[in-house]
Amino acid sequence: MKAKRGFTLDIALICGLCLMPVLWLVWRFVQNDLGVNPVETVVRQLGVWGLRLLVLGLALTPLARLLRQGRLIRWRRPIGLFAFGYVTLHLLSYVVIDQYFDWAQIWSDILKRPYITFGMVAFVLLIPLALTSFNAAIRRLGGVVWRNLHRLIYVIVPLAALHYFLLVKADKTMPLVYAAIIAILLGWRVWEWARKKV
């Protein structure tokens with residue numbers, strides 16, 4: 001089934017839903033309802049939602065095939081861009097309200113704390129994907145180069161999950177759940193690739 005093009009109602013709805021978590025955080029801030037450590041809550045929640053959207057974007061192709069709904073493929077771009085937005089806000093909140101632009105400490109964290117190292121690598125790799133998530137970039141790069149570039153997502157999402165896993169010190173249930181989902185999705189990709197080679 002060929003997906004329709006353009007900014008349609010379903011895309012508008014997806015964008016609205018993707019905005020809800022950050023709006024909820026703003027509302028909680030206004031209501032002074034961010035818990036005993038508001039900075040940690042903001043930084044953590046922005047990162048978690050970035051990871052959730054990255055995983056959701058990775059799941060859309062298998063879901064589209066399973067449900068025979070080609071329109072789901074169209075959701076990858078807005079969801080991917082919102083994921084980048086949340087990850088960027090996650091990083092900015094760490095730099096601004098957690099570290100207060102203490103670049104020496106930030107650099108030390110990147111070098112000495114593995115979870116920050118993996119998170120930073122994932123963010124840097126995500127930048128070219130966000131910058132080329134538009135039709136003009138596809139035309140300029142060519143389809144083959146563009147597809148190869150965007151395969152970086154198969155590296156980025158596991159790195160983001162590893163960042164989350166190493167960050168959480170107590171109950172690692174949710175990081176393991178995300179890791180299991182990602183493993184299943186990547187396993188499906190490998191299976192599809194192998195099946196086409198036969």
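Using the three backbone atoms N, Cα and C, a Cβ is placed for every residue, glycine included.
Note: TrEMBL annotation is automatic and uncurated.
Residues or ranges marked as domain 'Ferric oxidoreductase' by TrEMBL: 46-160.
Here TrEMBL flags 7-27 (among others) as transmembrane segment.
For 47-67 (among others), the entry in TrEMBL reads transmembrane segment.
If you look at the transmembrane segment (79-97), the same-chain residues 6 or more away from its ends with a CB under 8 A from one of its CBs are 14-15, 18-19, 21-22, 39, 42-43, 46-47, 49-50, 53-54, 56-57, 60, 106, 119-120, 122-123, 126-127, 129-130, 133, 153, 160. The annotation transmembrane segment is assigned in TrEMBL to 79-97 (among others).
Sequence-distant contacts of the transmembrane segment (117-137), counting only residues of its own chain at least 6 positions beyond either end whose CB sits under 8 Å from a CB of the stretch, comprise 47, 77, 80-81, 83-84, 87-88, 91, 110-111, 146, 149-150, 152-153, 155-156, 159-160, 162-163, 166-167. Residues annotated as transmembrane segment in TrEMBL: 117-137 (among others).
Summarising the annotation, TrEMBL assigns transmembrane segment to 149-167 (among others).
Look at TrEMBL and you will find 173-191 (among others) tagged as transmembrane segment.
By number of Cβ pairs under 8 Å, the transmembrane segment (47-67) is matched best by 149-167 from the list 7-27, 149-167, 173-191. DSSP assignment over the domain 'Ferric oxidoreductase' (46-160) gives 102 helix, 0 strand, 13 coil. Within the chain, the transmembrane segment (7-27) has long-range Cβ neighbours (under 8 A, six or more residues past its boundaries) at 34, 42, 45-46, 49, 53, 71, 74-75, 78-79, 82, 86, 89.
Here the transmembrane segment (173-191) has Cβ contacts under 8 Å with residues 51, 55, 58-59, 62, 154, 157-158, 161, 164-165, 167 of the same chain, all six or more residues outside its ends.
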